[in-house]
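S.K.: Here's a structure for you.
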Amino acid sequence: MLITQKKTKISGNWKSAFALFIYAACFSFAYVSLTAATGALLLFGAVQITMIGFGIWKGERLGIAKIIGILLAFGGLLFLLIPGVKSPSLLNSIFMITAGVAWGIYSLHGRSSKNPTSTTSGNFIKAVPFSIVLNIFMLNNSYSDSQGLLLAVLSGALASGAGYAIWYSVLPLLKSSNASVVQLIVPVFTSISGIIFIDEPLTLRIFIASILILFGIALVFLSKLQSNANA
């Protein structure tokens, strides 16, 4: 009896892998001292500028409705996070902004992905050599235990890997500006998860900010439908 096994092709590319590595490394270094709110504002701001700027550079036109939607969504993010913002150090700000730019680049590369799971797996594998080199330089300043390593694998390789694969499956369907602004829904999901799973209070600020973000995102996508209808 002959048994044939189909091998799953691992793709990805070195540019995306390097962008993924830069994002993860700079994100980790920045959050050593940044507050969650400050880091989120810097990160999402850099992502928006990177992806929307790329779209405009490539000839994407932003209509009035889309511009208003983007401003509303980002305004909602500001309203949600401003109370927790503290003046960050220059170095950590640079780390987080760099992380945002790198994530924007990684996302833009995903728009051409044909096989999201294969591409994500390949990017993770290709990012390993960069991580090894960084860890060699960090040996004298690093510490790990079994619990930390387990959590890193579960949150990084498994949870993030699955999330990135889903993200890469959606990206080919979106313009750069739409892909950038839809990511602003993450703080809304985070807030809702906190309310459901760890009994955080539903404050008026969270409610208003969530409405602004969701309405802004909806306006961005409705403007796309309107432009398609007029085409």
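Glycine is treated like the rest: Cβ placed from N, Cα and C.
Pulled from TrEMBL, these are the listed features:
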type: DOMAIN; residues: 94-221; note: domain 'EamA'
type: TRANSMEM; residues: 12-32; note: transmembrane segment
type: TRANSMEM; residues: 38-57; note: transmembrane segment
type: TRANSMEM; residues: 64-84; note: transmembrane segment
type: TRANSMEM; residues: 90-108; note: transmembrane segment
type: TRANSMEM; residues: 120-137; note: transmembrane segment
type: TRANSMEM; residues: 149-167; note: transmembrane segment
type: TRANSMEM; residues: 179-198; note: transmembrane segment
type: TRANSMEM; residues: 204-222; note: transmembrane segment
S.K.: Report, as numbers and ranges, every residue of the chain located at least six residues beyond the transmembrane segment (90-108) whose Cβ falls under 8 Å of a Cβ in that stretch; write 'none' if there are none.
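M.R.: Beyond its ends, the transmembrane segment (90-108) has Cβ neighbours at 15-16, 19-20, 22-24, 26-27, 29-34, 39, 42-47, 49-51, 54, 123, 167, 171, 176, 179-180, 183.
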S.K.: Report the DSSP secondary-structure composition of the domain 'EamA' (94-221) as helix, strand and coil residue counts.
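M.R.: Helix (H, G, I), strand (E, B), coil: 108 helix, 0 strand, 20 coil.
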S.K.: Is it true that the transmembrane segment (12-32) and the transmembrane segment (179-198) have 3 or more Cβ pairs under 8 Å, skipping pairs fewer than 6 apart in sequence?
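M.R.: Result for the transmembrane segment (12-32) with the transmembrane segment (179-198) is no.
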S.K.: Hey, which of 38-57, 64-84, 120-137, 149-167, 204-222 has the most Cβ-Cβ pairs under 8 Å against the transmembrane segment (179-198)?
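M.R.: Ranked by Cβ pairs under 8 Å, first place goes to 204-222.
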S.K.: Hey, which bits of the same chain come close to the transmembrane segment (64-84), Cβ under 8 Å, at least six residues off its ends?
M.R.: 35-38, 40-41, 44-45, 48, 52, 177, 181, 184, 187, 191, 205-206, 208-220, 222-224, 226
S.K.: Mind checking which residues reach the transmembrane segment (149-167)? Cβ under 8 Å, same chain, six or more beyond either end.
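M.R.: Residues 24, 107, 110, 116-117, 119-121, 123-124 contact the transmembrane segment (149-167) from elsewhere in the chain.
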S.K.: If you average pLDDT over the domain 'EamA' (94-221), what do you get?
M.R.: 85
